[in-house]
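Q: Heads up, here are the entries from Swiss-Prot:
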{"type": "REPEAT", "residues": "237-270", "note": "repeat 'TPR 1'"}
{"type": "REPEAT", "residues": "272-304", "note": "repeat 'TPR 2'"}
{"type": "REPEAT", "residues": "339-372", "note": "repeat 'TPR 3'"}
{"type": "REPEAT", "residues": "374-406", "note": "repeat 'TPR 4'"}
{"type": "REPEAT", "residues": "408-440", "note": "repeat 'TPR 5'"}
{"type": "REPEAT", "residues": "442-476", "note": "repeat 'TPR 6'"}
{"type": "REPEAT", "residues": "477-510", "note": "repeat 'TPR 7'"}
{"type": "REPEAT", "residues": "518-551", "note": "repeat 'TPR 8'"}
Amino acid sequence: MVSKECCRNEIRAAIRQLSDRCLYSAAKWAGEQLVGIEQDPSNFTPANTRFQRGSSSIRRRFSTNESISTPLPSVGFSQAATPLPEEDEAIDGDIYLLAKSYFDCREYRRASHMLRDQVSKKSLFLRYYALYLAGEKRKEEEMIELEGPLGKSDAINRELVSLERDLSALRRTGAIDSFGLYLYGVVLKEKGNESLARASLVESVNSYPWNWSAWSELQSLCTSIEILNSLNLNNHWMKEFFLGNAYQELRMHTESLAKYEYLQGIFSFSNYIQAQTAKAQYSLREFDQVEIMFEELLRNDPYRVEDMDLYSNVLYAKEACAALSYLAHKVFLTDKYRPESCCIIGNYYSLKGQHEKAVMYFRRALKLNKKYLSAWTLMGHEYVEMKNTPAAIDAYRRAVDINPTDYRAWYGLGQAYEMMGMPFYALHYFRKSIFFLPNDSRLWIAMAKCYQTEQLYMLEEAIKCYKRAVNCTDTEGIALNQLAKLHQKLGRNEEAAYYFEKDLERMDAEGLEGPNMFEALVFLATHFKNHKKFEEAEVYCTRLLDYSGPEKEKAKSLLRGIRMAQTGFPSMDLEHFPI
């Protein structure tokens with residue numbers, strides 16, 4: 001593996017280069033990784049140890065997970081020093097400094113105009129980047145002015161055509177560098193030319209691998225493992241960060257966790273890696289672990305807002321109202337106009353059953369970021385709770401437009417159409433959700449219920465779905481109970497008995513009671529009595545005697561029947577049974 005000192009030197013140089021080009025998000029990400037590198041003990045000072053307190057407990061606790069393979073071998077990492085673009089060797093010109101000042105003040109067109117006669121690659125990048133952001137700014141203004149229901153509008157970035165033309169010409173002549181290639185890839189992606197966009201972004205990260213923004217854009221274009229594997233990427237430690245993120249988005253969570261475990265060998269105190277690990281654990285539904293990790297993350301970085309929306313989802317799922325209330329109050333005081341903050345507050349109101357207020361905050365999040373996927377999906381859920389299915393469908397469709405591989409939005413569409421009594425449509429959307437997440441029992445159960453509706457009534461298909469749900473570890477036990485009932489309905493009593501016994505074993509192991517247990521005990525007692533397996537039947541009847549009311553009377557009736565079947569005479573005395 002590349003040395004820590006080598007990584008540290010590369011990142012320090014990259015932060016300066018990224019900041020010089022106003023790529024502030026990439027510079028911030030790089031800075032977070034810089035302080036995430038474990039310091040040499042000989043260099044410990046109060047200044048450089050402050051960022052590395054407290055994280056080690058989580059790192060030790062979760063760096064080795066049973067589901068993770070052994071750390072990846074240290075193969076082929078580039079250890080060359082950061083190449084210094086030629087323009088960085090000289091002092092920036094006066095015009096560039098003024099243009100950068102305009103850019104920092106969000107006067108993008110003014111910055112672009114100031115650089116109109118500059119020919120250096122650095123100046124060309126900032127000129128066209130400023131023009132791109134000027135177009136984005138105007139697009140956002142038009143979206144507010146022209147928006148229709150749920151914020152729909154036809155606003156576009158009107159600079160994309162000229163940007164594509166100019167950047168394409170500059171690329172052909174070799175007049176742009178890796179940063180220009182990154183911008184060219186972004187423009188091509190916006191125009192829907194994904195293949196060329198990937199090629200441009202790959203060229204960019206291969207020539208300058210420290211621009212996290214370029215890696216992020218490339219990851220968003222890797223919608224399948226086949227596309228990811230087809231990329232011709234140079235070996236570099238930044239590639240490992242990219243693959244960890246890409247695997248996570250492709251729902252390859254074990255592989256993603258393995259990458260992050262490997263990277264922790266150098267970036268031992270990286271809050272980013274800890275947050276990404278928590279995301280993967282969340283997808284694996286390890287909510288208790290995720291909660292601990294986010295609590296530790298907030299202790300180390302108390303004013304952090306990014307990724308806290310995921311933490312709020314965990315607290316929502318665990319119905320931890322007090323903790324969610326505290327988190328919502330905290331982010332409100334920190335930065336209430338961040339999309340993540342609005343989403344967290346929306347989750348809080350949703351948990352309290354105040355769905356109108358929740359929708360208001362999800363809408364506010366979308367005002368701040370129209371492409372905020374979670375807000376569209378969560379708003380759809382709220383509309384489902386409010387029985388406003390047309391609005392729910394609209395919200396879910398917006399989520400699908402942003403990310404066609406988001407299983408939650410497809411699942412939401414299925415639920416909405418199911419509520420409207422349109423099982424054929426619901427089935428289509430449930431199938432789409434299962435395509436993107438085939439190992440989730442909840443999706444198979446939803447599709448099975450669709451097959452059970454009166455309009456479809458395809459019980460054999462429902463049985464297949466419930467069997468898949470059982471294989472996907474149905475923690476709620478819905479599938480086993482339904483399999484037993486469906487086989488009973490179809491007159492397959494042997495199969496029904498098998499699944500009732502399995503369900504009973506599950507409930508006993510979990511210490512559960514309730515109607516499902518009573519139903520299973522009655523069926524099994526009756527089934528074994530009818531098959532003259534009286535000892536087994538008595539066992540289930542005896543368990544039924546522990547109930548009170550109608551259940552106990554049912555048990556007595558069954559025991560009388562068993563006694564009569566055994567002796568051939570009516571039983572007049574049940575005192576020998578533990579009633």
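Cβ from N, Cα, C; glycine included.
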Q: Which sequence-distant residues neighbour the repeat 'TPR 4' (374-406)? Criterion: at least 6 residues beyond either end, Cβ under 8 Å.
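A: Hits for the repeat 'TPR 4' (374-406): 149-152, 223, 249, 309, 313, 339, 342-343, 346-347, 350, 355-356, 358-359, 362-363, 365-366, 412-413, 415-417, 419-420, 436.
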Q: For the repeat 'TPR 3' (339-372), what are the DSSP-based totals of helix, strand and coil residues?
A: 27 helix, 0 strand, 7 coil
Q: Could you tell me how many residues in the repeat 'TPR 2' (272-304) are helical, how many are strand and how many are coil under DSSP?
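A: DSSP composition of the repeat 'TPR 2' (272-304): 26 helix, 0 strand, 7 coil.
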